[in-house]
């Protein structure tokens, strides 16, 4: 057995009718975790419903419906393999909570795949001022997804079909607007594809002999290829932050008979081992980790990306809750935030936002009301340069530096140091009205929290 392939996460973005589902469905279908039986079942159903022409997207719709009904479907279905990577699609838009998921998402995307439709009029609709394409690309960039691939889809429906001038026109247009957002077009692969017919998806298409391939240039070196799957192979692998201090936001806390209290969550940075003396912020409870397990197997060490349960001594289920963050008491432990400063981008708020506005913030697994105490300045979204100091209010489309005060204890970090704990969604009226990236945190001084006997004992024993 060779070494296991590296895992990477991608997010697929683009306008509603760009063919994201068909393209994604095609990759999952051809290279993915869906077994033949399931595919045949889906095909038969699609045929019976007269949706034969829709099979790839249909596969995805079936998966989406199950995902939305909260059925924990076999996540393997959202995975596919390239020659180099195991790729997981962490979310595809169209899902109601896409924006929120992308921010609080259980994982950071390593790369965004932007699908644009090449059909006459379709591309223009997706990219128009109110099209979703811009918003998704802006979000991806703001949230730290620095790699981008562009699939120019539906090449079979250009005038004439598979038109080179149309591809070049779209490439030029998209390059100019992703550049405005902050991406470097020279580092972006542009691939003309048909997600439906499969052109340039896995191998070079005979229908576009004019396409000599895509090239990218970046400081890590050059890459080139012909197909979309090769572009995915050229993604730079992420550095998983094992060397940083431990941060593990809790998703749930269970009481398990005969074992005790078991918090569950995903290691975002650092490592967690049995014997670690952890502190839970913002409650400031310190205790010893007895054991760590993943998928019912004991682990000697959990690393970033691992979803684990760990057993803690002398702490009751009532003392811990979702949204708390575990860290190592001896290595830059997490603390509660008194207040914090963030760059906020307003996406869709019907009115004006001014000082005193108190929506709910979703940051990692925490869900807490925070007050916009002071809108310090309006800034240019791309450069971050100040355009107005102490504005009266901000509205949709604006970016601003804001000071926020949580209404209850909350543990957050700067995006610079701990990205997953430094980005948030602002929720109001059942939608995401803004997104933010935390610049600086004013921590509360940790005062007299609970230190369990287990922690004291373990600490004494180690002296």
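Including glycine, each Cβ sits where the backbone N, Cα and C put it.
According to Swiss-Prot, the protein carries these features:
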type: DOMAIN; residues: 5-242; note: domain 'tr-type G'
type: REGION; residues: 14-21; note: region 'G1'
type: REGION; residues: 153-156; note: region 'G4'
type: MOD_RES; residues: 301; note: 5-glutamyl glycerylphosphorylethanolamine
type: MOD_RES; residues: 374; note: 5-glutamyl glycerylphosphorylethanolamine
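Long-range C-beta contacts of residue 374 (5-glutamyl glycerylphosphorylethanolamine), restricted to its own chain and to partners at least six residues apart, with a cutoff below 8 Å, comprise 355, 402, 403. On the 0 to 100 pLDDT scale, the region 'G1' (14-21) averages 71 in this prediction. Per DSSP, the region 'G4' (153-156) is made up of 2 helix, 1 strand, 1 coil. Within 10 Å of the C-beta of residue 301 (5-glutamyl glycerylphosphorylethanolamine) there are 13 other C-beta atoms, taking all protein chains into account.
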